[in-house]
Amino acid sequence: MGQASSHSENDLFISHLKESLKVRRIRVRKKDLVSFFSFIFKTCPWFPQEGSIDSRVWGRVGDCLNDYYRVFGPETIPITTFNYYNLIRDVLTNQSDSPDIQRLCKEGHKILISHSRPPSRQAPVTITTSEKASSRPPSRAPSTCPSVAIDIGSHDTGQSSLYPNLATLTDPPIQSPHSRAHTPPQHLPLLANSKTLHNSGSQDDQLNPADQADLEEAAAQYNNPDWPQLTNTPALPPFRPPSYVSTAVPPVAVAAPVLHAPTSGVPGSPTAPNLPGVALAKPSGPIDETVSLLDGVKTLVTKLSDLALLPPAGVMAFPVTRSQGQVSSNTTGRASPHPDTHTIPEEEEADSGESDSEDDEEESSEPTEPTYTHSYKRLNLKTIEKIKTAVANYGPTAPFTVALVESLSERWLTPSDWFFLSRAALSGGDNILWKSEYEDISKQFAERTRVRPPPKDGPLKIPGASPYQNNDKQAQFPPGLLTQIQSAGLKAWKRLPQKGAATTSLAKIRQGPDESYSDFVSRLQETADRLFGSGESESSFVKHLAYENANPACQSAIRPFRQKELSTMSPLLWYCSAHAVGLAIGAALQNLAPAQLLEPRPAFAIIVTNPAIFQETAPKKIQPPTQLPTQPNAPQASLIKNLGPTTKCPRCKKGFHWASECRSRLDINGQPIIKQGNLEQGPAPGPHYRDELRGFTVHPPIPPANPCPPSNQPRRYVTDLWRATAGSAGLDLCTTTDTILTTQNSPLTLPVGIYGPLPPQTFGLILAEPALPSKGIQVLPGILDNDFEGEIHIILSTTKDLVTIPKGTRLAQIVILPLQQINSNFHKPYRGASAPGSSDVYWVQQISQQRPTLKLKLNGKLFSGILDTGADATVISYTHWPRNWPLTTVATHLRGIGQATNPQQSAQMLKWEDSEGNNGHITPYVLPNLPVNLWGRDILSQMKLVMCSPNDTVMTQMLSQGYLPGQGLGKNNQGITQPITITPKKDKTGLGFHQNLP
């Protein structure tokens with residue numbers, strides 16, 4: 001019964017303490033308070049025996065905690081001990097007159113009385129010094145239990161003392177705390193409360209409480225040499241003291257919140273801890289002698305302090321502990337807890353009537369956050385103006401703009417500051433994008449940092465949602481939360497689109513003629529990061545484009561090192577950087593004055609002994625003049641005239657010689673010089689013939705050295721091309737520009753710089769070069785009409801991802817064939833320079849409301865459907881499909897007016913047959929919810945159906961071409977010598993189907 005009553009009193013005291021703290025806007029849990037008092041009972045075993053709780057007794061508890069921290073180290077003390085201590089101290093100190101606090105002290109007094117140990121009534125026993133030493137626990141610090149009597153003036157032990165003789169005093173002798181088991185003298189009663197002493201005795205005969213405490217501790221130290229030293233001597237190694245065991249005190253499970261150091265007292269001072277408030281009985285001697293004794297004790301304490309072996313260590317009286325990491329002192333302006341702040345901010349409670357039993361059943365809870373005092377500074381408008389200017393000039397994601405934002409974010413901006421900065425610096429569209437990205441990243445952070453149970457306000461703090469939309473509340477966020485806000489703001493800012501960034505193809509990014517290679521690679525990598533994401537700027541595809549899209553000068557510098565396995569593009573940048581210096585020197589040398597051109601430029605040097613022999617045998621070279629003209633008015637044109645051309649060769653661009661004398665195989669950029677057109681040795685078109693009248697053979701003229709002239713030369717026509725040999729059937733067509741062919745931009749139309757028309761009574765057939773298919777290039781064949789006058793184009797496609805076609809590459813040939821006129825009927829008088837290709841006449845049939853239907857048999861079963869010339873395959877409705885015919889699901893897509901994913905298809909090939917006996921095989925698709933069956937081109941092509949238009953104009957054209965109604969275009973009615981391979985039946989009327997009304 002007594003234990004149950006004790007537990008009920010404990011619960012009542014803890015409940016009152018929680019209510020007192022809740023009034024101060026502090027939330028604590030019951031199990032934390034129980035753990036805290038359990039540690040207090042372990043550290044201060046005299047506290048339950050004190051029988052009272054007030055500010056004075058609680059101050060002595062703080063002294064004991066400070067001594068325990070100094071001796072055993074911070075690792076032996078729970079992290080929240082000093083915080084809870086400070087909270088309870090403030091409750092006892094600041095509101096001692098409150099009825100609630102008085103009731104709380106009363107409940108605590110009852111608990112301490114119930115846990116206190118009654119004083120022993122055993123007769124006093126004399127213990128010698130040796131017995132004291134043998135009975136003292138070797139590994140336990142002396143107890144400071146306040147329930148013992150202290151003998152001040154005992155000299156029975158015969159010990160020598162530095163103090164004056166106290167035999168004249170009538171006070172009882174002071175005893176060591178180790179003698180607390182002996183019965184105290186009856187003339188010195190034990191007083192559990194100092195208030196009893198003040199009410200029972202005369203005020204003139206009592207000591208000051210401070211002097212009384214000093215006297216008691218000095219006397220106990222004097223009579224007990226093993227009393228803990230009050231000076232800051234080197235402390236013993238820390239050890240874990242044994243738990244307090246008492247049969248009278250039941251074990252209590254306890255724990256508690258976070259506190260700060262008390263403001264009273266100087267840390268590390270040598271003052272002794274306050275002993276329990278044990279009041280002495282009315283002294284029998286004069287008070288002056290007691291005061292002189294007190295002065296002597298203080299003098300002795302001072303001397304003992306001077307004898308310390310080591311200087312006093314600067315140990316804090318009460319260490320400040322918190323859950324957040326320590327903030328360095330050099331981080332000015334960041335979040336740091338105030339040293340005197342020991343309150344916890346009020347958190348929004350979901351249920352104000354939360355019971356204590358719910359607190360006890362919680363397995364884990366969100367740790368209470370301390371209040372953080374920031375040296376918060378609002379955003380400076382000048383800084384925002386700088387960021388706004390950088391965004392307007394360079395874009396929001398430019399390196400300089402991002403550097404400004406990162407520098408500003410080091411101040412740990414709140415969500416309100418980020419929103420204000422986004423509205424002020426970004427445009428309307430970018431502001432909306434930033435907000436959406438910030439909210440998305442905030443949700444991700446909240447999910448990653450979520451604990452169990454999840455915090456009620458975790459997802460609301462990072463985006464600054466209600467009730468944390470106020471900037472003052474946001475400034476109190478802990479450093480860890482502000483770090484997440486900083487990271488979310490920067491990530492959202494860096495995800496904004498670049499200024500003027502258009503969605504362009506990566507293959508279209510080329511290096512300009514005057515652009516540095518590093519700038520070109522930078523643009524290429526930025527586009528690759530924007531299209532493919534970060535980490536793709538060093539991929540093999542980007543490296544390939546860095547070579548293929550570079551200008552010829554950089555390509556010639558990179559080409560020797562292209563085959564090497566390069567992990568990065570840094571070596572390419574080095575090669576092109578050195579090559580750019582050489583190009584700059586060459587460009588500077590091209591702008592030499594005419595006088596500087598007169599300087600000797602020997603092509604080679606030969607040392608000879610006989611100049612006469614050298615003049616006769618040496619090849620004739622253009623020699624520069626040996627000396628400059630002496631006449632100042634002499635014309636320089638005559639001097640330069642004998643020096644050859646004043647500009648570099650247009651063919652190789654390397655030397656000052658004529659293009660006709662150029663024998664270089666590579667140009668200045670290292671590119672091979674490709675001879676355009678056919679070979680130079682080929683004769684003119686047609687065979688040689690002999691003029692019998694004149695008696696000699698006529699030879700064709702020699703073709704020019706460069707059959708593909710530059711673009712600045714006059715137009716070239718088909719008749720200007722040359723054949724390779726007399727038996728060559730085709731004329732080569734070359735590209736006039738450098739081209740990159742990809743699967744994305746193919747088919748691609750390229751001009752060849754050759755114009756029509758063709759020779760009379762001929763037409764051209766465009767065919768591909770035989771070696772192109774092996775390179776992944778496909779040239780689509782075409783027909784070149786006789787009267788086509790525009791520029792000839794060729795149509796290319798590729799089967800590879802990327803193919804480069806240099807300028808001047810031979811891609812196709814024109815085969816000139818004779819044109820045979822059938823009749824004089826034509827649609828237009830001439831072709832002109834319209835688009836390349838054949839100008840066929842299209843027969844158009846007007847579609848009416850009637851649907852052309854056809855009945856066919858599939859495996860003997862009759863089906864009716866609509867002729868659909870736009871459908872690639874036949875589709876049967878699922879309602880018409882027999883249930884016993886097997887189906888299979890195929891991984892394909894059917895697209896038309898609608899779309900079907902993974903449709904069903906016949907598992908076997910079906911045989912179709914029409915009413916005229918024509919048959920074939922198909923594998924139709926089967927779709928649900930299809931109202932009619934569709935006959936696709938897979939059946940129509942096998943039936944060899946043609947569409948006949950009743951248009952009068954079309955019919956006139958067909959009749960002029962030899963068409964006989966009711967008959968096919970036979971060999972006798974068309975005028976051609978070759979027969980038609982397929983002759984339709986002459987008795988076949990129409991298309992073999994009839995048109996039904998819908």
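Every residue gets a Cβ built from N, Cα and C, even glycine.
According to its DSSP assignment, D868 (active site, protease) is coil. When other Cβ atoms within 10 Å of the Cβ of D868 (active site, protease) are tallied across all protein chains shown, the result is 21. Taken from Swiss-Prot, the feature active site, protease covers D868.
What Swiss-Prot lists as compositional bias 'Polar residues' is 117-132 (among others).
Residues annotated as compositional bias 'Polar residues' in Swiss-Prot: 193-206 (among others).
Among the features that Swiss-Prot reports, compositional bias 'Polar residues' is placed at 323-334 (among others).
Annotation comment: Swiss-Prot describes 346-366 as compositional bias 'Acidic residues'.
Look at Swiss-Prot and you will find 446-459 tagged as compositional bias 'Basic and acidic residues'.
Residues or ranges marked as domain 'Peptidase A2' by Swiss-Prot: 863-939.
Marked as domain 'G-patch' by Swiss-Prot: 950-996.
The feature N-myristoyl glycine is assigned by Swiss-Prot to G2.
Sequence annotations record features per position, and here Swiss-Prot assigns region 'Disordered' to 115-208 (among others).
The region 'Disordered' annotation in Swiss-Prot covers 323-376 (among others).
Summarising the annotation, Swiss-Prot assigns region 'Disordered' to 446-469 (among others).
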Model confidence over the domain 'G-patch' (950-996), averaged pLDDT: 58
Number of helical, extended and coil residues in the domain 'Peptidase A2' (863-939), per DSSP: 3 helix, 34 strand, 40 coil
